[in-house]
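Worksheet: the structure to be examined is printed underneath.
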Amino acid sequence: MAAPWEDVLRNEPAIQEAASVAVDAALLEGVLMRTEGEPNASDVVNYAPFTLLPSAVPTVLFEQAYAVQQDFNLLVDAISQNKEFLEDTLASTIKVDDFTAQLFRIHVQVLEEGLAQSVFLGINRSDYMFDCGVDGTPALKQIEINTIAASFGGLTSRTAAVHGQVLKMLGKSKEASRLLPNNPSKGLALGIAKAWELYGSQSAVVMFLVEEVQRNIFDQRCVENELWNRNIRVIRKRFRDVFEKGSLDDAKRLYMDGQEVAVVYYREGYVPKNYDQQNWEARLLLERSRAVKCPDIATQLAGTKKVQQELSRPGTLERLLPGRAEAVTRIRATFAGLYSLDVGEEGDKIAAMAIADPDQFVLKPQREGGGNNLYGEELRQVLEKIRDSPERTSYILMDKIKPQPAINYLLRAHSPLQVSECISELGIFGVYVRQGKEMVMNKAAGHLLRTKAIEHADGGVAAGVAVLDTPYLV
């Protein structure tokens, strides 16, 4: 999967000059993050890490990833509406995983009270790697689907322009012209705007629910500005603001500082450390409201690893998507091997298989945000420790995907320029809006390519491991 700039990679002076141009281009285009030292201040910023050159991606796999995204949107939405499926699938997990259990308790409480929300908005990102089979043919294999706070739709909208500039400077204008336009921030905003419109109050606002530490604010601002351009007011609040100032009226309309909230867009709330008792109370208040939550709590649960593993069982997709045989085939073609560690004979066998050959697998806890998975010796040690404990049901096991590495330079502020062997992960953003039972919008909204050096097994851009990239189709 070589890109057509192998010649350039051996030309040290050209690389040095290109790196300097690339950094300035990233700053000009707004590929920005706040600094670790001042994560909540925008008076000192730096460029978000990115590759010097675009990475080769096989056209056929890129097109396959786009073609299946609407199917995944339908699947996530179907799971979110299927209380029995979520209950059965997560039964063993919620016994041993407090975080998933707490989310599930809120889900049940809201259903028992009766859903106030009638418009549903999903913004998800399905992530893939290119598995190099025994014969060397790459295949598209899904890593996971993110149903809450799927990030970098904003910054990746600006990254292709940077790579285009670098290629032109290296005398590769023809190749630069082949880079695909990509604007997920616009697609995500279209979904939010549609949900806001269907909510039906011109004066209501969209609330971005944000973290205490906001290094990645510019990524969010890209989406926010698209909404302001449509004359939709946006406010930014934290869980603690909701706890202190949020309220519901008799019709379960949500108010913040006296303003009615039409849409709550979560960029927070996906890991246990986002919550204390007050934040859980704030989450419950939001879930009980009429406001469109992106995601509502059922959709967040639909993105758990345990659900991902259950979907790979024969017959599950057919039950969730009846009458959609072609969609089921497209979805199933992207699955890597996924295995349950539930207590019982099957789980015992799977655990023994992974302990005997840990390099063939990945051990995944029910967590989002990157940097949580276990590999190799660490996987073996953890599994040996919990193999006879119900705690193992809070994990799933997945076949390790083995992509073909490629050479690139990863540009990071204050880091020396050095060549790395790298692997990439392709994410496709999906957006859907449902009103009652009617699907009003269902689309793929753009892509995100992230690349990391092969010595890092796990972790994304926010986790400080991967960097932003642009696909060059080959």
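Glycine too: its Cβ is placed from the backbone N, Cα and C atoms.
Curation does not apply to TrEMBL; its annotations are automatic.
Per TrEMBL, the feature substrate binding site maps to ARG125, 148-151, 214-216, GLN220, 267-270, ARG450, 461-462. The ATP binding site annotation in TrEMBL covers GLU144, LYS305, 364-373, TYR375, 398-401, GLU425, LYS452, ASP458. What TrEMBL records for GLU144, ASN146, GLU368 is Mg(2+) binding site. What TrEMBL lists as domain 'Glutathione synthase substrate-binding' is 204-302.
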Looking only at the domain 'Glutathione synthase substrate-binding' (204-302), what is the mean pLDDT? 97
Integer Å value for the Cα distance linking LYS400 (ATP binding site) with ASN146 (Mg(2+) binding site) is 19
Measure from the Cβ of GLU144 (ATP binding site) and count the other Cβ atoms within 10 Å, all protein chains considered. 18
So among the binding-site residues TYR270, PRO365, TYR375, who's got the most Cβ atoms within 10 Å? TYR270
Least buried by Cβ count (within 10 Å) of the binding-site residues ARG215, LYS452: ARG215
For GLU268 (substrate binding site) and GLU368 (ATP binding site), what Cα-Cα distance in Å is obtained after rounding to a whole number? 11
With helix taken as DSSP H, G or I, strand as E or B and everything else coil, how many residues of the domain 'Glutathione synthase substrate-binding' (204-302) land in each class? 40 helix, 26 strand, 33 coil
Across the binding-site residues (ASN146, SER151, GLN220), the Cβ with the fewest other Cβ atoms inside 10 Å is that of SER151
For the binding-site residues listed here (ARG125, LYS400), tell me which residue's CB has the most neighbouring CB atoms inside 10 Å. ARG125
Of all the binding-site residues given, namely GLU144, PRO365, GLU368, TYR375, LYS452, which is spatially nearest to SER151 (substrate binding site) at the Cα level? GLU368
List, in sequence order, those binding-site residues among ARG215, GLN220, TYR375, LYS452 whose Cα sits within 10 Å of the Cα of ASN146 (Mg(2+) binding site). none
Nearest to ARG215 (substrate binding site) by C-alpha distance, among the binding-site residues GLU144, GLU368, TYR375, is GLU368
Under 8 Å by Cβ from GLU368 (ATP binding site), same chain, sequence gap 6 or more: ASN146, ILE148, ALA149, TYR270, VAL271, GLY303
Given the binding-site residues PRO365, TYR375, LYS452, which lie within 10 A of ARG125 (substrate binding site) by CA-CA distance? none
